[in-house]
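Participant: This is the feature table in TrEMBL:
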- Lys76: active site, charge relay system (ACT_SITE)
- Ser171: active site, charge relay system (ACT_SITE)
- Ser195: active site, acyl-ester intermediate (ACT_SITE)
- Lys564: ATP binding site (BINDING)
- 532-1045: domain 'Protein kinase' (DOMAIN)
- 147-167: region 'Disordered' (REGION)
Amino acid sequence: MLGQTLREVSVALKQGQVTPTELCQRCLFLIKTTKFLNAYITVSEEVALKQAEESEKRHKEGHSLGDLDGIPMAVKDNFSTSGIETTCASNMLKGYVPPYNAIVVQKLLDQGALLMGKTNLDEFAMGSGSTDGIFGPVKNPWSYSKQYREKRKQNSHSENEDSNWLITGGSSGGSAVAVSAFMGFAALGSDTGGSTRNPAAHCGVVGLKPSYGLVSRHGLIPLVNSMDVPGILTRCVDDAATVLGILAGHDPEDSTTIQDPVKPFILPSLTDVSKLCIGIPKDYLTPELSSEVQSLWSKAANLFESEGAKVIEISLPHTSYSIVLCTWEEASNMARFDGLEYGHRCDNDVSTEAMYAATRREGFNDVVRGRILSGYFFFLKEHYENYYVKAQKVRRLIANDFVNVFNSGVDVLLTPTTLSEAVPYTEFIKEDNRTRSAQDIFTQAVNMAGLPTLLWSPYGYDPVAGILHPTCFVMEPALGIRMDEPMTFSPLGGQFQTDGSLKKQEQNFKPPGVKKDIEKLYEAVPQLGNLFKIKDKIGEGTFSSVYLATAQLQVGPEEKIALKHLIPTSHPIRIAAELQCLTVAGGQDNVMGVKYCFRKNDHVVIAMPYLEHESFLDILNSLSFQEVREYMFNLFKALKRIHQFGIVHRDVKPSNFLYNRRLKKYALVDFGLAQGTHDTKIELLKFVQSEAHQESCSQNKSYVITGNKISLSGPAAPKELDQQSTLKTSVKRPYTNAQIQTKHGKDGKEGSVGLSVQRSVFGERNFNIHSSISHESPAVKLMKQSKTVDLLSRKLGTKKKTISTKVMNSGVMRKTASSCPASLTCDCYATDKVCSICLSRRQQVAPRAGTPGFRAPEVLTKCPNQTTAIDMWSAGVIFLSLLSGRYPFYKASDDLTALAQIMTIRGSRETIQAAKTFGKSILCSKEVPAQDLRKLCEKLRGVNSHTPKLTSDIQECSSHDPAFSEKTENHKIVHCIQTPQAQPSGSSSYEGGSSGCGGNFEASATSLEGWDEVPDEAYDLLDKLLDLNPASRITAAEALLHPFFKDMSL
């Protein structure tokens, strides 16, 4: 019965199938059983049982008060409740018992609801994790689910689970947990900037923030009067509508409430979405958005469009400025707590001022006091105009953004709620308040505009893994919950159901977008259907998509195969070169091989062995030191293998080095960006290399590539050639030198200068669509390719929004001559300015392909002579992440910022000296010393060779260590040390699911196995890998012989 909707339970109560007392006792039992979750501050057991007894009498007499009569509910502990302690989780109000009920509480009681108690929160609702209250943090019930326990059990070396649990989000975490763990059918929360929706997202329930003024705020202890709204948390959308219909309406005690009467909200059982126009804000695709949340967002948009809804891109340009304008109101509201009238009062009787100061010092925690001080700062006369007044103007602009969007015909907006999935408490407490508050970037704008918003997960969202599941999972018996029939979420069979789930259709489902992609692949390459059964799409990137398939052999068991489908616009030479790399170098020494290759017109599919593997991020902090040694040793084996053949991989990163932890298997994959050295043994890479060299040297030559024929022409191609090329049915790629220069997009991959590239806003696919281009030679024309565009890329053809780094005056790195400055014709060399002569020079061409964060200094500075040393630098960055426990370690929006981040670790002087060795001059506005790699990694990981580090040590590192510096004098540097988070999507690099690899592994508390005795050889090897001079950087063959691997054999 606990899994039923409010309407279903109400009918069951009226029909006598269950009694209010039975429901109350069951919820009380769960509250006691799950006390360790710390969801409740006060459990009003006697009050609830008395209310249940009275409700039972009414039901027997047939006089029900309403749909909530006899149904258990919870209330956040910042709503006043008559006769029940209301603390706001603070020392200031601990012991305070209000003489009245908040209006929303009274309306629930008038309907016969059973008040189970008051739920936990951040102190005075100021927080984003429900961890800062005086009664202790709230624990996410998903931390104790079967799925999460299995994910970590094979790595856990301790029975202590307190270090592994996930946060709930804040500040209404207690209410979200009460609903998620079946301690009540619904709960009240409060929402000022996302405090209802954020925990709803992390706990997998429905969170509703009503329009400002629709529900009374009277009795809600205020945080920000102009933005506070009572929130509703339930397990389905219809339940939220039911509660809203009861709470909404005018209140004489709250002048901001609407005057018109409100009718009950009754949702239809089915809703047709085909006539809806749904807006996708492009401004919400920020670099901080995790790939898991981004994927969910994309799939939800696909789901709506598959049912006929119109999905379009819209803009909310002032979202990034929606810093909550609350500190001044918070300071004003907190002024009432002075120890004079009610609440805590200290014993200091020296003076009124001393008593007042001591009372607030004892009554408020650091977070609350910090916000009060901020509010007083903005209230100062000299700051009022510059901050508060201007901020109010921005608030109006934010509201106008929404008005403009809805006036344009958009019905609803589809946005993410949080930047990432729920994180472990041990990671959350390392973040500062500013970082924590960033989770509200998508939610606070609607509070400023006073709009309603609903948090809803159409697929069944697992907040632990951040992924979609075909069913809602059942909690472990240890949590006290075992549903007989789990709620099933299925793909959209036709229309939405009222309860927020989807019509039941099939258990083994795929999102509509994946189904269509598989069908299209079968159509594009028909021969695949005779040999393989494609199960799922397991990876998608800029130049390819990867599918999991099974091949039924004539004899033997079913074999799993990875099918890599290259985008039709991929250059035929590059496709052939990738295949040659796989066939010549692959199949041994941890290098992925190839089994088959299929081609149909311009569609190419490469079939490779499928290696089940774990996500690097999931296992990063659970790997033992020995496992790290094995990981790096096997990575160097793979690099030695490909470097022997003269292959420069160019995109070495964790997602391209697959790792099966149980089987100890490894595989280096994705040679789509590979290039050859001057002595490469891969014949086609020689052509790619010579082609790139000719591009940088010749300005008057153009290539016409038709099938396997490559002809070199002069400034004007023969007319006959042009006519013949247009008759060919095979792939044609005419280029001029200027058009074929490698260029790097935000995804970190190669493109072509001058080609129009349509990017999906969600970053999941790029078809590199070629547009018509005017060539230097009018005789050679570029044939237009057919546009096969992803569902969302048609709607959202913009790139991710990033913060640009302005360096015009800082001179972190300046354009210089490519060789000795002796023959300079200008006087700006090695100065912080660029003259007009240099501005008019042609930009130097150098390979830049790769993934941001893993590029070597010589790549960032456009050194044209790049060798296998760039792969070793990337391996060094991986090793740095493994030793520090931070991934991604570097994260920058542009090459200059990336170079500045490298300087913060390796030193500015050292970087400048190294650049001179390969003909580059770097100018830095401030000298930054090099860091001690051991000290840096030990501080970040939280352990050293002798004593485990405390959280305060890590915070001290971030406060005082130059490696964490935010600024140099004139140049702002993005934080170079990143907390663990999902990696942005790039190339599809054969990324598959981790199921079937012998269990999942957790990424939470660091295991000390071997980490308290990391030898000096490890940091010596790291230093050699991160050598700023590519000429002296260690090679893969030398790395395998390093003392760090002295007891390991090839």
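Placement of Cβ uses the backbone N, Cα and C atoms for every residue, glycine included.
Give me the local environment of each listed feature.
Facilitator: Annotation note: Lys76 (active site, charge relay system) sits in a strand segment as assigned by DSSP.
In the three-state DSSP reading, Ser171 (active site, charge relay system) counts as coil.
Long-range Cβ neighbours of Ser195 (active site, acyl-ester intermediate) (same chain, at least 6 residues apart, Cβ-Cβ under 8 Å): Ala125, Gly170, Ser171, Ser172, Gly189, Gly231.
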Participant: Rounded to a whole number, how many Å is the Cα of Lys564 (ATP binding site) away from the Cα of Lys76 (active site, charge relay system)?
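Facilitator: Taking the Cα atoms only, Lys564 (ATP binding site) lies 51 Å from Lys76 (active site, charge relay system).
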Participant: If you draw a 10 Å sphere around the Cβ of Lys76 (active site, charge relay system), how many other Cβ atoms fall inside it, taking every protein chain shown into account?
Facilitator: 33
Participant: Can you check how the pLDDT averages out over the domain 'Protein kinase' (532-1045)?
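Facilitator: The average pLDDT of the model in the domain 'Protein kinase' (532-1045) works out to 70.
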Participant: Between Ser171, Lys564, which of the recorded positions has its C-beta surrounded by the fewest other C-beta atoms within 10 Å?
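Facilitator: Counting other Cβ atoms within 10 Å of each of the recorded positions Ser171, Lys564 gives the minimum at Lys564.
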